[in-house]
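**Q** One structure is given below, represented as structure tokens, and several questions about it will come after.
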């Protein structure tokens, strides 16, 4: 080194680098340390003390004058520290296992002395033995920095032999097998592959046993193992030997660090878990476990078996052995010694008995139905286990005994068993089993029963006291005639066929199992006799002669039970017993369907399986006679006859005339008191004789008919089409010409000529009471001026109703009470003619015509005729006329008053000329007293009130209903809607399309609360549904049945199953609830033109008798509340459509009761009269009969009484009406009528 390079400077502060001597300057460059001393003496004898991170240098020199020591780092800079007489230097902070070159330079002589030193690697840490076996041990340690490899020294502490293993790489798994030589020292190194292009690769070993013995194998650690650990497995060690393992860490040049050691001892060989298997009387198999884990040295096992009087020795090299030549039921002590070479390990021990010998002569000694005895022989066993198994089953129980015999009890009779016996040694060791089979004796059958018997078959069942299988039952059936039938069954039942009907058999059953037969048992049983056939019945009205046949061979001993039942209800009429094949049954009911059932019986009461039977009917009782009643003003006859005795399904009604013949079946007839039948024959001709026959029908039979000749009544003559001709004769007379009326409704009895000075309105019967005197005094502008009686003229002049008549009016003639007075000059007169088929005179009123009781029709009025001026004195004539008229009026009023008084006493209500009141308002608290007053004397007061209502509204015009095109739309020609209140439909193609027989009716809240209409006709169904749609109807109240008393009262206008179209309206029923008193139906009504629809509910009251009233008031009241509850859900402007047949009687009663309930609840008053009056001003004949009028008052009384009793909520409000009074049956009631009966 040049002097220029030797300069002194302060050393840098570098962590980890310390100087032991402050005057010394240390310079590091790639492991070099330069240290300079003073010249002239050179440096010699350099020594070093090395550790993993430091080097202590010491040296000698002879330069006592050295003033400094310099250490140079030629790569960086030179550092110089003044030193004086220093001969050592401690260098720290070095890296373990690293080679360094140190140079010491003398400053004086510039001479250099170099020294290369490698620091020690760190010693291993965490050295421990992870597992130790008999010949193996596994050691692991943690790697140290700077370690390139490890060397292991293993010493056997007993023999002091050792093995040196080098080349162990950090982080690897190694395996080393100890050599078998007796060398005290051996060295081994890791084997490696030839380096490839990527460097040296260790041998990957997966099966260490495949490597050559004594080789050291190193493999890469498995994935997941800590790479900082190194492991070595030492194999082929000596058992039960102590070893010392010392680990040296080595630098790359072989420099070793401080050693670390671990002393361990291998386990000795040991036998454990010695077991004996497959133990028999003379042998057994032994198994055990060994802890030997080596592979180089073979281990052997020496077995010593000692017991009884001899022992057995055996040597094997595996952990099992078969020991033979042993004695039965002997206790043996077994020892298993392990030997590894000459070294004996820890032995294993076992003490075990051999099995006893198999028993001999195992046999069945005795047998019964419930037990089997067993016996056997054995020489070396004192305990035995017996297993008992039923054939086909599993071992279900076992028994133990110390004897050499055993009785097995509680067995099943007739059952095969399998017995197995096993001897047991003193410790319970089992010997070989022995088996024997045995069967119990079968038991006799019990409870033999005949479960089914027919004419030729017998089904038998019996019981057995056990459930044993394999039974065979032998059956023998023997009859009295000696015939024998044999058969077998494997079940406890059998069906035996080919038997003889009605025969007694002796049945015997023998049980058998495994060809062992048990005790027999027997019963006797008859087969059933055959049913009778060819049943013939001859009947009268009350008897039946019955005969039959039975073709069985044993039929001579048969008896017969004859049962007569009513067909339908099955009630027993009579039961008879006979031994003959015929019988006469008396005291039957005529016209009744009977069932005769004949059971054949034999011996002990065994009967035929099914009876022979036949249906028959007694002859119906004939109708003895009947009488005819004429229906006033109807082309009909009412027929009445005594109800025949017995039952009948109807009657065949024959009606014959000269040109007409009709047979009608009456399903039934109306009976007032169950003693008299009645029916109405309609659609006949007036005033015609008919040959009528009535025959009783029942069960398809018809009795002899009863016959009679009946003549129909008469009615008002047909209204003539033309009007009379009137011409002026003088200033006070005219001439009236007319043709006779048609006589199809009865012979014309009289004609009345009527004059009027008023409007040409259609006259009514009311005008017949007015005379010339009434006209003259101004009481009426219409009067009867002349009367022609056909009977008289017919006798004297031979005139008939087809002739033309000419009457002089004003000739001052008198006919009965009518004066043909002179006419007024300058007057305008019109004439009409009244024709009579029946004319009645009021003898108490000057012989005037009684229009109410006469059958009359009127021609239209003629055109007006004007009279000329009277040339005479007019004033006197006028005065005389007026005076005369007053006198006549007074007399007529007196006569009428007298008649009125008489009629009231006789309860005959007649027409009153007094103008009736419009209202009779009564307070609720006074109504009961009023009701009692009116009810007195057979409802006389109510009759007078009802009579006052008779003609209310009848004069109101009905022109639209009388148009020819509309007449066919009316069900009855006397129930026509008033023009003022009629319901008008939309006009479609014709001006009369707006007509339907219906009126708006006032309710409590509105004048159009209701629509009252007739029951639809087949030709008005479309109009009816058009009205429902156009008038926005949501509820229909129907108060009639479609057919009553055999007459159609209303067409069934609704669909029942599928939707139906009525013009543009489609109707579909969605539900129907049928109850005893009414039926509720729901519909959907849809207009096909605009596809709009709304719901509709029909309340069909079916308990209102024809021509009567409901049986109880609360029935109708609750029905009304049912309707009103529904109306709360629909639009308030929607009217309720109410109809019966004509739409006046029952319809008016329902509407009236609705208004009365509202009046009672809201006003605390009652006005039955006023409400009916109001209804009749909107539609004729509303509340049609007097009984209906009285019924309304009764309803009011019941409501008021219920309110007083605080029961209104219970009876009339919030009622689930569909469940009330469901079991009441309506009773027909008849009463007086006012107008047409609907």
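Cβ coordinates come from backbone N, Cα and C, glycine included.
What you are looking at is a predicted structure, and each value in this text was computed from that prediction instead of being measured.
Annotations per Swiss-Prot:
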- 1140: active site, phosphocysteine intermediate (ACT_SITE)
- 1106, 1140, 1141, 1142, 1143, 1144, 1145, 1146, 1184: substrate binding site (BINDING)
- 359-443: domain 'Fibronectin type-III 4' (DOMAIN)
- 444-527: domain 'Fibronectin type-III 5' (DOMAIN)
- 717-803: domain 'Fibronectin type-III 8' (DOMAIN)
- 78: N-linked glycosylation site (CARBOHYD)
- 110: N-linked glycosylation site (CARBOHYD)
- 207: N-linked glycosylation site (CARBOHYD)
- 253: N-linked glycosylation site (CARBOHYD)
- 267: N-linked glycosylation site (CARBOHYD)
- 313: N-linked glycosylation site (CARBOHYD)
- 366: N-linked glycosylation site (CARBOHYD)
- 437: N-linked glycosylation site (CARBOHYD)
- 452: N-linked glycosylation site (CARBOHYD)
- 488: N-linked glycosylation site (CARBOHYD)
- 506: N-linked glycosylation site (CARBOHYD)
- 685: N-linked glycosylation site (CARBOHYD)
- 910: phosphoserine (MOD_RES)
- 877-897: transmembrane segment (TRANSMEM)
**Q** According to DSSP, which of helix, strand or coil covers residue 452 (N-linked glycosylation site)?
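**A** DSSP call for residue 452 (N-linked glycosylation site): strand.
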**Q** Between residue 437 (N-linked glycosylation site) and residue 366 (N-linked glycosylation site), how many Å separate their Cα atoms?
**A** 12
**Q** Could you state the whole-number distance in Å separating the C-alpha atoms of residue 488 (N-linked glycosylation site) and residue 506 (N-linked glycosylation site)?
**A** 16
**Q** In whole Å, note down how far the CA of residue 1140 (active site, phosphocysteine intermediate) lies from the CA of residue 313 (N-linked glycosylation site).
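**A** Taking the Cα atoms only, residue 313 (N-linked glycosylation site) lies 125 Å from residue 1140 (active site, phosphocysteine intermediate).
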**Q** Can you tell me how the residues of the domain 'Fibronectin type-III 8' (717-803) break down into helix, strand and coil by DSSP?
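**A** Its residues divide into 18 helix, 28 strand, 41 coil.
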**Q** DSSP helix, strand and coil counts for the domain 'Fibronectin type-III 5' (444-527)?
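**A** Going by DSSP assignments, the domain 'Fibronectin type-III 5' (444-527) contains 0 helix, 50 strand, 34 coil.
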**Q** Looking only at the domain 'Fibronectin type-III 4' (359-443), what is the mean pLDDT?
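**A** The average pLDDT of the model in the domain 'Fibronectin type-III 4' (359-443) works out to 86.
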**Q** Provide, as an integer number of angstrom, the distance between the C-alpha atoms of the residue listed as 'active site, phosphocysteine intermediate' and residue 452 (N-linked glycosylation site).
**A** 62
**Q** Is it possible to get the count of other C-beta atoms within 10 angstroms of the C-beta of residue 1184 (substrate binding site)?
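**A** Cβ-Cβ neighbours of residue 1184 (substrate binding site) within 10 Å number 27.
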**Q** Relative to the Cα of residue 452 (N-linked glycosylation site), which of the binding-site residues 1141, 1143, 1145, 1184 has the closest Cα?
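**A** Given the candidates 1141, 1143, 1145, 1184, the nearest one is 1141.
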**Q** Within 10 Å of each Cβ, count the other Cβ atoms, then let me know which of the recorded positions 110, 267, 1141 comes out lowest.
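**A** Among the recorded positions 110, 267, 1141, the lowest count of other Cβ atoms within 10 Å belongs to 110.
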**Q** Is it possible to list how many residues within the domain 'Fibronectin type-III 4' (359-443) are helical, extended or coil according to DSSP?
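**A** Going by DSSP assignments, the domain 'Fibronectin type-III 4' (359-443) contains 0 helix, 49 strand, 36 coil.
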**Q** Relative to the Cβ position of residue 1143 (substrate binding site), how many further Cβ atoms are located within 10 Å?
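**A** The Cβ of residue 1143 (substrate binding site) has 32 Cβ neighbours within 10 Å.
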**Q** Per DSSP, to which secondary structure element type does residue 313 (N-linked glycosylation site) belong, with helix, strand and coil as the options?
**A** strand
**Q** Highest Cβ count within 10 Å among the glycosylation sites 366, 685: which residue is it?
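**A** The most densely surrounded of these glycosylation sites is 685.
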**Q** Look up residue 1145 (substrate binding site) in the DSSP assignment and report helix, strand or coil.
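**A** Reduced to three states, the DSSP call for residue 1145 (substrate binding site) is helix.
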**Q** For each of 253, 452, count the other CB atoms within 10 A of its CB; which of these glycosylation sites has the top count?
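**A** Answer by Cβ density within 10 Å: 452.
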**Q** Of the glycosylation sites listed here (110, 506, 685), which is spatially closest to residue 267 (N-linked glycosylation site) when Cα positions are compared?
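**A** Its closest listed neighbour, by Cα, is 110.
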**Q** Report, in whole Å, the straight Cα-to-Cα distance of residue 110 (N-linked glycosylation site) from residue 1143 (substrate binding site).
**A** 157
